[in-house]
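Database features, via TrEMBL:
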- 6-323: domain 'Amino acid transporter transmembrane' (DOMAIN)
- 28-48: transmembrane segment (TRANSMEM)
- 97-119: transmembrane segment (TRANSMEM)
- 139-158: transmembrane segment (TRANSMEM)
- 165-192: transmembrane segment (TRANSMEM)
- 212-236: transmembrane segment (TRANSMEM)
- 248-272: transmembrane segment (TRANSMEM)
- 278-299: transmembrane segment (TRANSMEM)
- 311-332: transmembrane segment (TRANSMEM)
Amino acid sequence: MRRCMDSNPSVTSYPDIAGVAFGRKGRIIALVFTCLELYLVATGLLILEGDNLHKLSPHFGFKIGNTKMDGRHSFVIVARLIIMPTLWLSDLSVLSYLSFGGVLSSLIVVICVLCVGLSGDGFHKNGDLINFKGLPTTVSLYKFCYGAHAMFPTIYLSMKRKSQFPIVLIISFLVCTTTYVIMAILGYVIYGEDVQSQVTLNLPTEKASAKVAIYTILAGPITKYALTIMPIANAIENYLPVKYRDNNIISAMIKTSLLVSTVVLAIVFPSFESVTSLSGAALIIIVSFVLPCACYLKIFKLYRSFGVDFVVIMGLVVLATLVGVVGTYSSIRETFKHV
(Lines of atoms letter the chains of each structure in order from A; the text may use other names.)
(Lines give C-alpha, C1' and ligand atoms only; values in the text may rest on other atoms or scores of the structure.)
Protein backbone atom coordinates (compact mmCIF):
# COMPACT_ATOMS: atom_id res chain seq x y z
CA MET A 1 0.00 0.00 0.00
CA ARG A 2 2.87 2.37 0.77
CA ARG A 3 4.38 1.76 -2.66
CA CYS A 4 1.02 2.42 -4.28
CA MET A 5 0.77 5.73 -2.41
CA ASP A 6 4.32 6.75 -3.31
CA SER A 7 3.56 6.10 -6.98
CA ASN A 8 1.03 8.94 -7.11
CA PRO A 9 1.17 12.09 -4.92
CA SER A 10 -2.60 12.63 -5.25
CA VAL A 11 -3.34 9.50 -3.20
CA THR A 12 -4.49 10.43 0.31
CA SER A 13 -6.81 7.59 1.29
CA TYR A 14 -7.53 3.91 0.76
CA PRO A 15 -10.24 4.51 -1.89
CA ASP A 16 -7.77 6.78 -3.73
CA ILE A 17 -5.43 3.82 -4.21
CA ALA A 18 -8.24 1.80 -5.78
CA GLY A 19 -9.19 4.84 -7.84
CA VAL A 20 -5.68 5.17 -9.29
CA ALA A 21 -5.64 1.45 -10.12
CA PHE A 22 -9.16 0.88 -11.42
CA GLY A 23 -10.76 4.29 -11.85
CA ARG A 24 -14.08 5.45 -10.42
CA LYS A 25 -15.51 1.93 -10.13
CA GLY A 26 -12.49 0.81 -8.14
CA ARG A 27 -12.85 3.76 -5.79
CA ILE A 28 -16.53 2.98 -5.20
CA ILE A 29 -15.84 -0.72 -4.57
CA ALA A 30 -13.10 0.09 -2.04
CA LEU A 31 -15.34 2.66 -0.35
CA VAL A 32 -18.26 0.22 -0.09
CA PHE A 33 -16.16 -2.55 1.46
CA THR A 34 -14.44 -0.24 3.95
CA CYS A 35 -17.79 1.24 4.99
CA LEU A 36 -19.30 -2.23 5.42
CA GLU A 37 -16.31 -3.23 7.51
CA LEU A 38 -16.71 -0.18 9.76
CA TYR A 39 -20.46 -0.79 9.94
CA LEU A 40 -19.98 -4.30 11.33
CA VAL A 41 -17.31 -3.02 13.71
CA ALA A 42 -19.80 -0.44 15.01
CA THR A 43 -22.40 -3.20 15.43
CA GLY A 44 -19.85 -5.27 17.34
CA LEU A 45 -19.19 -2.34 19.68
CA LEU A 46 -22.89 -2.21 20.59
CA ILE A 47 -23.01 -5.97 21.20
CA LEU A 48 -19.87 -5.67 23.33
CA GLU A 49 -21.46 -2.91 25.39
CA GLY A 50 -24.74 -4.78 25.82
CA ASP A 51 -23.10 -8.06 26.83
CA ASN A 52 -20.84 -6.50 29.46
CA LEU A 53 -23.58 -4.30 30.93
CA HIS A 54 -25.72 -7.44 31.18
CA LYS A 55 -22.83 -9.13 32.99
CA LEU A 56 -22.96 -6.42 35.67
CA SER A 57 -26.79 -6.37 35.91
CA PRO A 58 -28.10 -9.78 34.74
CA HIS A 59 -31.68 -9.16 35.95
CA PHE A 60 -32.18 -5.88 34.08
CA GLY A 61 -34.85 -5.67 31.37
CA PHE A 62 -37.80 -3.60 30.21
CA LYS A 63 -40.87 -3.68 27.99
CA ILE A 64 -41.57 -1.85 24.75
CA GLY A 65 -45.33 -2.07 24.34
CA ASN A 66 -46.26 -5.70 24.81
CA THR A 67 -42.77 -6.91 23.99
CA LYS A 68 -40.49 -7.81 26.88
CA MET A 69 -36.82 -7.47 26.05
CA ASP A 70 -34.13 -9.49 27.78
CA GLY A 71 -31.15 -7.91 29.48
CA ARG A 72 -28.71 -7.99 26.57
CA HIS A 73 -31.17 -6.45 24.11
CA SER A 74 -32.23 -3.88 26.68
CA PHE A 75 -28.65 -2.84 27.31
CA VAL A 76 -27.99 -2.47 23.58
CA ILE A 77 -30.76 0.15 23.55
CA VAL A 78 -29.32 1.76 26.68
CA ALA A 79 -25.91 1.85 24.98
CA ARG A 80 -27.53 3.61 22.04
CA LEU A 81 -28.86 6.35 24.33
CA ILE A 82 -25.43 6.78 25.92
CA ILE A 83 -23.59 6.89 22.59
CA MET A 84 -26.06 9.11 20.71
CA PRO A 85 -24.84 12.49 22.12
CA THR A 86 -21.29 11.73 20.92
CA LEU A 87 -22.58 11.55 17.34
CA TRP A 88 -23.74 15.14 17.47
CA LEU A 89 -20.35 16.57 18.44
CA SER A 90 -18.91 18.85 15.78
CA ASP A 91 -15.35 18.28 17.01
CA LEU A 92 -14.36 14.67 17.68
CA SER A 93 -10.80 15.50 18.77
CA VAL A 94 -11.69 14.84 22.41
CA LEU A 95 -12.95 11.36 21.51
CA SER A 96 -9.78 10.80 19.49
CA TYR A 97 -7.61 11.43 22.54
CA LEU A 98 -9.80 9.20 24.69
CA SER A 99 -9.82 6.49 22.05
CA PHE A 100 -6.02 6.52 22.07
CA GLY A 101 -6.35 5.02 25.54
CA GLY A 102 -7.38 1.79 23.80
CA VAL A 103 -3.75 0.66 23.86
CA LEU A 104 -3.62 1.19 27.62
CA SER A 105 -7.04 -0.40 28.14
CA SER A 106 -5.89 -3.60 26.41
CA LEU A 107 -3.00 -3.90 28.84
CA ILE A 108 -5.31 -3.18 31.78
CA VAL A 109 -7.69 -5.98 30.74
CA VAL A 110 -4.82 -8.47 30.34
CA ILE A 111 -3.47 -7.59 33.80
CA CYS A 112 -6.93 -7.82 35.36
CA VAL A 113 -7.60 -11.26 33.84
CA LEU A 114 -4.20 -12.42 35.10
CA CYS A 115 -5.09 -11.14 38.59
CA VAL A 116 -8.38 -13.08 38.50
CA GLY A 117 -6.46 -16.24 37.69
CA LEU A 118 -3.92 -15.64 40.44
CA SER A 119 -6.51 -14.70 43.06
CA GLY A 120 -8.73 -17.74 42.95
CA ASP A 121 -9.87 -19.13 39.60
CA GLY A 122 -6.44 -20.66 39.01
CA PHE A 123 -4.81 -22.02 35.86
CA HIS A 124 -6.02 -25.59 35.89
CA LYS A 125 -8.83 -25.85 33.31
CA ASN A 126 -8.55 -28.49 30.62
CA GLY A 127 -9.74 -28.54 27.03
CA ASP A 128 -8.79 -29.47 23.49
CA LEU A 129 -5.63 -27.64 22.51
CA ILE A 130 -6.65 -27.76 18.84
CA ASN A 131 -10.26 -27.77 17.65
CA PHE A 132 -10.32 -28.11 13.87
CA LYS A 133 -14.09 -27.49 13.72
CA GLY A 134 -13.56 -24.01 15.06
CA LEU A 135 -10.55 -23.25 12.85
CA PRO A 136 -12.45 -21.19 10.20
CA THR A 137 -14.01 -19.01 12.91
CA THR A 138 -10.66 -18.65 14.68
CA VAL A 139 -8.87 -17.52 11.52
CA SER A 140 -11.68 -15.05 10.79
CA LEU A 141 -11.45 -13.61 14.31
CA TYR A 142 -7.70 -13.19 14.00
CA LYS A 143 -8.18 -11.41 10.69
CA PHE A 144 -10.65 -9.09 12.40
CA CYS A 145 -8.00 -8.25 15.00
CA TYR A 146 -5.52 -7.24 12.31
CA GLY A 147 -7.96 -5.48 10.01
CA ALA A 148 -6.88 -1.84 10.08
CA HIS A 149 -5.41 -1.60 6.59
CA ALA A 150 -7.93 0.99 5.44
CA MET A 151 -6.38 3.40 7.96
CA PHE A 152 -2.77 2.89 6.81
CA PRO A 153 -2.80 5.69 4.20
CA THR A 154 -4.03 8.20 6.79
CA ILE A 155 -1.39 7.09 9.30
CA TYR A 156 1.34 7.13 6.65
CA LEU A 157 0.52 10.65 5.49
CA SER A 158 0.34 11.97 9.06
CA MET A 159 3.86 10.74 9.90
CA LYS A 160 6.67 13.27 9.97
CA ARG A 161 9.25 10.62 9.08
CA LYS A 162 7.53 8.42 6.54
CA SER A 163 10.60 6.21 6.18
CA GLN A 164 9.85 4.83 9.64
CA PHE A 165 6.43 3.53 8.59
CA PRO A 166 7.62 -0.12 8.22
CA ILE A 167 9.12 0.02 11.72
CA VAL A 168 5.85 1.37 13.12
CA LEU A 169 3.95 -1.48 11.46
CA ILE A 170 6.34 -4.12 12.80
CA ILE A 171 6.20 -2.76 16.35
CA SER A 172 2.40 -2.47 16.22
CA PHE A 173 2.10 -6.01 14.88
CA LEU A 174 4.38 -7.41 17.60
CA VAL A 175 2.57 -5.55 20.40
CA CYS A 176 -0.86 -6.63 19.16
CA THR A 177 0.21 -10.22 18.58
CA THR A 178 1.81 -10.45 22.02
CA THR A 179 -1.34 -9.08 23.66
CA TYR A 180 -3.62 -11.45 21.73
CA VAL A 181 -1.48 -14.50 22.51
CA ILE A 182 -1.27 -13.70 26.22
CA MET A 183 -5.03 -13.15 26.45
CA ALA A 184 -5.73 -16.36 24.51
CA ILE A 185 -3.46 -18.38 26.80
CA LEU A 186 -4.97 -16.85 29.94
CA GLY A 187 -8.51 -17.53 28.75
CA TYR A 188 -7.61 -21.11 27.89
CA VAL A 189 -5.77 -22.02 31.10
CA ILE A 190 -8.27 -20.26 33.40
CA TYR A 191 -11.59 -21.25 31.80
CA GLY A 192 -10.76 -23.98 29.27
CA GLU A 193 -13.68 -24.92 27.01
CA ASP A 194 -16.00 -22.74 29.12
CA VAL A 195 -14.37 -19.52 27.92
CA GLN A 196 -16.88 -17.24 26.19
CA SER A 197 -16.47 -15.07 23.11
CA GLN A 198 -15.56 -12.22 25.46
CA VAL A 199 -13.42 -13.34 28.38
CA THR A 200 -14.87 -10.55 30.53
CA LEU A 201 -18.17 -12.48 30.52
CA ASN A 202 -16.39 -15.26 32.44
CA LEU A 203 -15.01 -12.98 35.13
CA PRO A 204 -16.55 -13.09 38.64
CA THR A 205 -18.11 -9.66 39.18
CA GLU A 206 -17.50 -9.74 42.94
CA LYS A 207 -13.76 -9.30 42.40
CA ALA A 208 -12.32 -5.81 42.05
CA SER A 209 -9.95 -6.77 39.23
CA ALA A 210 -12.88 -8.23 37.26
CA LYS A 211 -14.90 -5.03 37.68
CA VAL A 212 -11.95 -2.93 36.51
CA ALA A 213 -11.65 -5.10 33.39
CA ILE A 214 -15.38 -4.90 32.61
CA TYR A 215 -15.59 -1.13 33.18
CA THR A 216 -12.51 -0.66 30.99
CA ILE A 217 -14.18 -2.62 28.20
CA LEU A 218 -17.40 -0.62 28.63
CA ALA A 219 -15.56 2.67 28.13
CA GLY A 220 -14.30 1.61 24.70
CA PRO A 221 -17.51 1.69 22.63
CA ILE A 222 -18.55 5.06 24.07
CA THR A 223 -15.37 6.72 22.79
CA LYS A 224 -14.92 4.70 19.60
CA TYR A 225 -18.42 4.42 18.13
CA ALA A 226 -18.65 7.97 16.76
CA LEU A 227 -15.13 7.75 15.31
CA THR A 228 -15.98 4.41 13.69
CA ILE A 229 -19.23 5.58 12.12
CA MET A 230 -17.89 8.99 10.98
CA PRO A 231 -16.24 7.80 7.72
CA ILE A 232 -19.50 6.10 6.70
CA ALA A 233 -21.51 9.25 7.40
CA ASN A 234 -18.98 11.36 5.48
CA ALA A 235 -19.14 9.00 2.51
CA ILE A 236 -22.95 9.22 2.44
CA GLU A 237 -22.85 13.02 2.70
CA ASN A 238 -20.38 13.27 -0.19
CA TYR A 239 -22.88 11.54 -2.48
CA LEU A 240 -25.74 13.86 -1.53
CA PRO A 241 -26.66 16.89 -3.66
CA VAL A 242 -24.37 19.85 -2.95
CA LYS A 243 -27.08 21.86 -1.16
CA TYR A 244 -27.45 19.13 1.49
CA ARG A 245 -23.75 18.81 2.26
CA ASP A 246 -22.18 20.46 5.33
CA ASN A 247 -25.65 20.71 6.86
CA ASN A 248 -25.51 19.96 10.58
CA ILE A 249 -29.11 18.73 10.71
CA ILE A 250 -28.66 16.39 7.73
CA SER A 251 -25.37 15.16 9.20
CA ALA A 252 -26.99 14.43 12.57
CA MET A 253 -29.87 12.61 10.87
CA ILE A 254 -27.47 10.39 8.90
CA LYS A 255 -25.43 9.49 11.99
CA THR A 256 -28.54 8.84 14.06
CA SER A 257 -29.97 6.62 11.31
CA LEU A 258 -26.73 4.65 11.20
CA LEU A 259 -26.85 4.24 14.98
CA VAL A 260 -30.46 3.02 14.91
CA SER A 261 -29.72 0.55 12.11
CA THR A 262 -26.70 -0.90 13.95
CA VAL A 263 -28.84 -1.23 17.10
CA VAL A 264 -31.40 -3.25 15.12
CA LEU A 265 -28.63 -5.42 13.66
CA ALA A 266 -27.10 -5.95 17.12
CA ILE A 267 -30.48 -7.08 18.48
CA VAL A 268 -31.26 -9.40 15.55
CA PHE A 269 -27.73 -10.88 15.46
CA PRO A 270 -26.55 -10.67 19.09
CA SER A 271 -23.49 -12.93 18.84
CA PHE A 272 -20.29 -10.88 19.15
CA GLU A 273 -18.21 -13.79 17.93
CA SER A 274 -20.32 -14.30 14.80
CA VAL A 275 -20.46 -10.63 13.80
CA THR A 276 -16.72 -10.09 14.24
CA SER A 277 -15.78 -13.33 12.48
CA LEU A 278 -18.10 -12.45 9.57
CA SER A 279 -16.43 -9.07 9.30
CA GLY A 280 -13.01 -10.70 9.35
CA ALA A 281 -13.84 -13.36 6.77
CA ALA A 282 -16.05 -11.49 4.32
CA LEU A 283 -14.76 -7.92 4.48
CA ILE A 284 -11.32 -7.61 6.06
CA ILE A 285 -9.95 -10.37 3.82
CA ILE A 286 -10.99 -8.23 0.85
CA VAL A 287 -9.89 -4.88 2.31
CA SER A 288 -6.60 -6.14 3.76
CA PHE A 289 -5.51 -8.69 1.16
CA VAL A 290 -7.41 -8.93 -2.10
CA LEU A 291 -7.86 -5.23 -2.96
CA PRO A 292 -4.33 -4.06 -1.97
CA CYS A 293 -2.78 -6.92 -3.95
CA ALA A 294 -5.00 -6.24 -6.96
CA CYS A 295 -4.18 -2.52 -6.85
CA TYR A 296 -0.45 -3.23 -6.59
CA LEU A 297 -0.56 -5.58 -9.58
CA LYS A 298 -2.51 -3.05 -11.65
CA ILE A 299 -0.55 0.09 -10.74
CA PHE A 300 2.87 -1.50 -11.33
CA LYS A 301 1.60 -3.66 -14.22
CA LEU A 302 3.08 -6.84 -12.74
CA TYR A 303 0.34 -8.86 -14.42
CA ARG A 304 2.18 -8.41 -17.72
CA SER A 305 5.05 -10.63 -16.57
CA PHE A 306 5.14 -13.76 -14.46
CA GLY A 307 7.93 -12.70 -12.13
CA VAL A 308 8.51 -13.68 -8.51
CA ASP A 309 6.45 -10.73 -7.21
CA PHE A 310 3.50 -11.68 -9.39
CA VAL A 311 3.56 -15.33 -8.30
CA VAL A 312 3.87 -14.46 -4.59
CA ILE A 313 1.08 -11.87 -4.72
CA MET A 314 -1.25 -14.16 -6.67
CA GLY A 315 -0.53 -16.91 -4.14
CA LEU A 316 -1.58 -14.54 -1.34
CA VAL A 317 -4.75 -13.60 -3.21
CA VAL A 318 -5.73 -17.23 -3.81
CA LEU A 319 -5.01 -18.21 -0.19
CA ALA A 320 -6.87 -15.17 1.18
CA THR A 321 -9.84 -15.87 -1.08
CA LEU A 322 -9.99 -19.50 0.06
CA VAL A 323 -9.82 -18.48 3.73
CA GLY A 324 -12.45 -15.80 3.11
CA VAL A 325 -14.93 -18.14 1.42
CA VAL A 326 -14.62 -20.88 4.07
CA GLY A 327 -14.68 -18.35 6.92
CA THR A 328 -17.68 -16.48 5.51
CA TYR A 329 -19.69 -19.69 5.16
CA SER A 330 -18.81 -20.74 8.71
CA SER A 331 -19.57 -17.28 10.12
CA ILE A 332 -22.95 -16.98 8.38
CA ARG A 333 -23.93 -20.44 9.60
CA GLU A 334 -22.97 -19.58 13.19
CA THR A 335 -24.66 -16.17 12.97
CA PHE A 336 -28.05 -17.63 12.09
CA LYS A 337 -27.74 -20.17 14.90
CA HIS A 338 -27.89 -17.26 17.36
CA VAL A 339 -30.87 -15.49 15.78
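Even glycines carry a Cβ here, placed using N, Cα and C.
The transmembrane segment (212-236) shares the most Cβ pairs under 8 Å with 28-48, out of the stretches 28-48, 248-272, 311-332. Of the Cβ pairs linking the transmembrane segment (248-272) with the transmembrane segment (311-332) and spaced 6 or more residues apart, fewer than 3 are under 8 Å, so the two regions do not touch. Proximity of distant same-chain residues to the transmembrane segment (28-48), defined by a Cβ-Cβ separation under 8 Å and at least 6 residues beyond the stretch ends, is recorded for 14-15, 17-19, 22, 76, 79-80, 83, 147, 150, 198, 217, 220-221, 224-225, 228-229, 231-232, 235, 258, 262-263, 265-266, 269-272, 275-276, 278-279, 283-284, 286-287, 291. Sequence-distant contacts of the transmembrane segment (139-158), counting only residues of its own chain at least 6 positions beyond either end whose CB sits under 8 Å from a CB of the stretch, comprise 1-2, 5, 11-14, 16-17, 34, 37, 165, 168, 173, 176, 180, 273, 276-281, 283-285, 287-288, 292, 323, 327-328, 330-331.
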